[in-house]
Amino acid sequence: SSGLTLSVSCLQPSCFGYPLSIFFIIINEFCERFSYYGMRAVLVLYFKYFLQWDDNLSTAIYHTFVALCYLTPILGALIADSWLGKFKTIVSLSIVYTIGQAVMSVSSINDLTDHNRDGSPDNVSVHIALSMTGLILIALGTGGIKPCVSAFGGDQFEDDQEKQRTRFFSIFYLSINAGSLLSTIITPILRAQECGIHSKQRCYPLAFGVPAALMAVALVVFIVGSRMYKKVQPQGNIMTQVAKCIGFAIKNRFRHRSKEFPKREHWLDWASEKYDKRLIAQTKMVLKVLFLYIPLPMFWALFDQQGSRWTLQATTMDGNFGAIQIQPDQMQTVNPILIILMVPVVDGLVYPLIKKCKINFTPLRKITVGMFLASLAFVAAALVQVQIDKTLPVFPAAGQSQIKVINLGTDNATVWFEPQIQNVNVTSTESTAYMTFETSQLLSFKVTSGNKITTQPTKLSEGSRYTLRVKNNATDIVAELLFDNVTSKPEEGNNLIRFINNLPDTINITMGDTSFGTLASLSASNYNLFPGGREYKITAIINSMPCSVISKTLGFGSAYTIVINKCTGENLDVTYSEDIPPNTVHMAWQIPQYFILTCAEVVFSVTGLEFSYSQAPSNMKAVLQAGWLLTVAVGNIIVLIVAGASKLSEQWAEYVLFAALLLAVCIIFAVMAYFYTYIDPSEIEAQLDEEEKQVKKDQDVYEKQGEADSQM
């Protein structure tokens, strides 16, 4: 036996009392989670801005992908336990995963189909096909290895290393959150960079490429440790046995449905003809827990909207935190940061305090509180949304047009919109807000300024905005309608800027590094995009002489028309006319909803797994793990159904709807939990052992008796 021990210890080198192999597993998990969460952080914005999908389609595809990622673990567990073993399953599915991440990165290369080099893909369907292929491969990979990696880590320990194994699972969970936190900070920064061969774009290839590279690193690290691993042979999957046992019980019960057959205590007892008492008892315990899982998906339906709806909410907010500028997709980092802070606080401070107050805070009560808190977080999100909606501009609906007036002259002007709709006074160098008209009713406008009058017919197109430029010259009044081709707020906190030349000379204008070209007197440039949160130098070349001014600090999500009035010395005199107001609700207002949701996650998620493990027999842990992951998948499917069926036009109303649904489910769960009786699986198993021993004893006695009888 000493020789055997020696060979095992040679195979299993250790470090600080831990098998050396688990360090490879932890590094692998860190890289894999970095890869997954990094890609997922920028995914919804990739759909919206690169593939040009609307908010609803982006949200739907995002949640379909997440649901797939949580459905495939069942497949992974079956392959590992019944066929390939954990090691081979992890390696083969990691290869699929790495290919998926690489395909995703290639799908986001703008220059792939941008033949006319205008900065947008000419054939979007190629990019859609590639990214969907990539996402399916990623879902297969990440889901397939999810149930194997942690269990494979647990396999590395000997039976007497219980303490080290428990510590390993804590470090393992920490590496998941560390990977998630770092990637959610880093990938949005990479996305915000400008890159491209022919035209500069948001750098999605880099944002997806870095996770792909880390997945390749994860795979290499895992294979390098190959010789050190303790590889357990596949034992056959307990899930299939449980499913067969349940199936047989139902079939048998159906066969014996007539009155002549006596009833049995539990419907699963109908499987006793084919399956042993132990498996039936274990299946009963599992089903008891799985029944409690039925209401849980509703929690995940709300929780996973952090990556979709909440990220889209952040795009309409002001991300200026003084020294740093936060990207909308970086707000998700609040969750892993708070998790790392909250888990020790809740375990070390909150729970002991509750215990001191003589409150019996059972696992099921914790889960109920978690659901209630998540519902509260969505109420907070709805309140923030109401504030955002107040700042959003109103654009013309079908059958309407909008006009604003800019007075470029030195005299005040009055504009009448005919026939007798309304009139407006505009002081010199000022502008009005947009006024809304029924397109068919507005036939002409009349302008008076000083002692001059001009009347002009109008022909407007529906759903459009216009700027009416008015100037009282020495000889006449110039009144021209300018088409404003902007009917939505600039995305990602960018600003739209255009210029009107109010000088008698032709000028050449640049702002920052962007040239607006040559502008004749009283003409307007096109709009150009500028990132928010900073100032820009505006330079006008007038008769070969440069004249400049530093712009005001631009906000986020605004549009301005800048009028160039005169040049004194080398200083340019400009006035700003606000076409679309900037985002004014600060992103920091999202922190309360993230905080409440993280508190919910700490009491819900951690407790849920703990409770499942405590209520299930030792060999059924995998079945419950699969059931738990299934609740996440179903939760994401619920988002698709509710968001698709609700047809709510207001986003805040959708948040309230989700909060109300979860609250209703929370009450149902509380009632179910109230009637649940806690069990001790080890006690039941010991009882079964005792019974089996007794049966064996009886059999032995019976056999001996039989032998004695035969000798007589």
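Each Cβ is built from the backbone N, Cα and C atoms, and glycine gets one as well.
Residues or ranges marked as transmembrane segment by TrEMBL: 6-27 (among others).
Annotated transmembrane segment per TrEMBL: 34-51 (among others), in sequence order.
Positions annotated as transmembrane segment by TrEMBL: 57-80 (among others).
Positions annotated as transmembrane segment by TrEMBL: 87-104 (among others).
Remote same-chain partners of the transmembrane segment (124-145), defined as residues 6 or more beyond its termini with a Cβ less than 8 Å from a stretch Cβ, comprise 32, 36, 39, 46, 50-52, 65, 68-73, 75-76, 79, 89-90, 93-94, 96-108, 112-113. Feature annotation from TrEMBL assigns transmembrane segment to 124-145 (among others).
Marked as transmembrane segment by TrEMBL: 166-186 (among others).
Residues annotated as transmembrane segment in TrEMBL: 206-225 (among others).
The annotation transmembrane segment is assigned in TrEMBL to 285-303 (among others).
Residues or ranges marked as transmembrane segment in TrEMBL: 337-354 (among others). Here the transmembrane segment (337-354) has Cβ contacts under 8 Å with residues 174, 177-178, 181, 361, 594-595, 598-599, 601-603, 606 of the same chain, all six or more residues outside its ends.
According to TrEMBL, the transmembrane segment annotation covers 366-386 (among others). Long-range contacts of the transmembrane segment (366-386) within its own chain (CB-CB distance under 8 A, at least 6 residues past either end) are made by residues 295-296, 298-299, 302-303, 309-310, 313, 585, 589-590, 592-594, 596-597, 599-605, 607-608, 611, 651-653, 655-656, 658-660, 662-663, 665-666, 669-670, 673.
What TrEMBL records for 622-643 (among others) is transmembrane segment.
The transmembrane segment feature in TrEMBL is assigned to 655-676 (among others). Taking Cβ pairs closer than 8 Å, the transmembrane segment (655-676) reaches residues 288, 291-292, 295-296, 298-299, 301-302, 305, 309, 362, 364-365, 367-368, 371-372, 374-376, 378-379, 381-382, 385, 642, 646, 648 in its own chain, all 6 or more past its ends.
In this chain, the transmembrane segment (206-225) lies in contact with the transmembrane segment (87-104); the count of Cβ pairs under 8 Å, excluding pairs fewer than 6 apart in sequence, is at least 3.
Proximity of the transmembrane segment (57-80) to the transmembrane segment (206-225) is not established, fewer than 3 Cβ-Cβ distances being under 8 Å for residue pairs spaced 6 or more apart. Within the same chain, residues 18, 22, 25-27, 29-35, 37-38, 41, 150, 153-154, 157, 210-211, 329-330, 332-333, 336-337, 339-340 sit at least 6 positions outside the transmembrane segment (166-186) and bring their C-beta atoms closer than 8 Å to a C-beta of that stretch.
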